[in-house]
Amino acid sequence: MTTFRFCRDCNNMLYPREDKEEQRLLFECRTCTYAEEAGTPLVYRHELITNIGETAGVVQDIGSDPTLPRSDRECPRCHSHDNVFFQSQQRRRDTSMVLFFVCLGCSHIFTSDQKNKRTTFS
C-alpha cells in the first residue's frame, strides 16, 4: 500500500525523484533540501478489482447446457435444490477457488463461500 510521506524538517509532502547517477528512487521535499531513499521502487499502484468477469457467460438458458455440472445445494432465495455450478474465471492473486451456483428455479447466482448446507455434486 502506498502512503504519503512528509518532510521531517518542514512537514511538507515529499515527492518521488529518480537519482539517475545511482539509479535509485528518492523522496524529496520541494521546499527544503531534505531527501530520503525510498524503501521500494513502487510509487503508485492502481488495482482494478471487478466482479463482472466472475459471472461472465451466465445467460438465461444456462440450465440447458449439458456440459455444466449439477448439484443439490439449496438456493438461498427460493430454497430449490436444482442448480448448475462453475468456477470463477478471474485470475487474480487474491482470488480463491470460488464456485458460482445458478439456481434453475429462480436464476439466482450465489457462491460457494456463502454458509449453506452440505452439497453433493453429480
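Note that Cβ sites are derived from N, Cα and C of the backbone, with glycine treated the same way.
The following features are taken from Swiss-Prot:
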- 7-32: zinc finger (ZN_FING)
- CYS7, CYS10, CYS29, CYS32: Zn(2+) 1 binding site (BINDING)
- 71-111: zinc finger (ZN_FING)
- CYS75, CYS78, CYS103, CYS106: Zn(2+) 2 binding site (BINDING)
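What Swiss-Prot annotates, mapped onto the structure for a quick look.
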{"residue": "CYS7", "record": "Zn(2+) 1 binding site", "DSSP class": "coil"}
{"residue": "CYS29", "record": "Zn(2+) 1 binding site", "DSSP class": "strand"}
{"residue": "CYS75", "record": "Zn(2+) 2 binding site", "DSSP class": "coil"}
{"residue": "CYS103", "record": "Zn(2+) 2 binding site", "DSSP class": "strand"}
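Shown in sequence order, CYS75, ARG77, CYS78, SER80 are the residues of the chain, 6+ apart in sequence, with a C-beta less than 8 angstroms from the C-beta of CYS106 (Zn(2+) 2 binding site). Take the binding-site residues CYS29, CYS78: by the count of other Cβ atoms within 10 Å of each Cβ, the lowest one is CYS78.
Sequence-distant neighbours of CYS7 (Zn(2+) 1 binding site) (same chain, 6+ residues apart, CB-CB distance under 8 A): MET13, LEU14, CYS29, THR31, CYS32, TYR34. Of all Cβ atoms in the protein chains displayed, 12 besides its own lie within 10 Å of the Cβ of CYS32 (Zn(2+) 1 binding site). The 10 Å shell around the Cβ of CYS10 (Zn(2+) 1 binding site) contains 11 further Cβ atoms across the protein chains shown.
A distance of 61 Å separates the Cα atom of CYS103 (Zn(2+) 2 binding site) from that of CYS10 (Zn(2+) 1 binding site). Annotated Zn(2+) 1 site CYS7, CYS10, CYS29, CYS32; additional same-chain residues within 8 Å of its Cβ mean position, judged by their own Cβ, are ARG8, ASP9, ASN11, ASN12, LEU14, ARG30, THR31, THR33, TYR34. For CYS75 (Zn(2+) 2 binding site), the number of other Cβ atoms no farther than 10 Å from its own Cβ, over all displayed protein chains, is 21. Over all protein chains present, the Cβ of CYS103 (Zn(2+) 2 binding site) has 22 other Cβ atoms lying within 10 Å.
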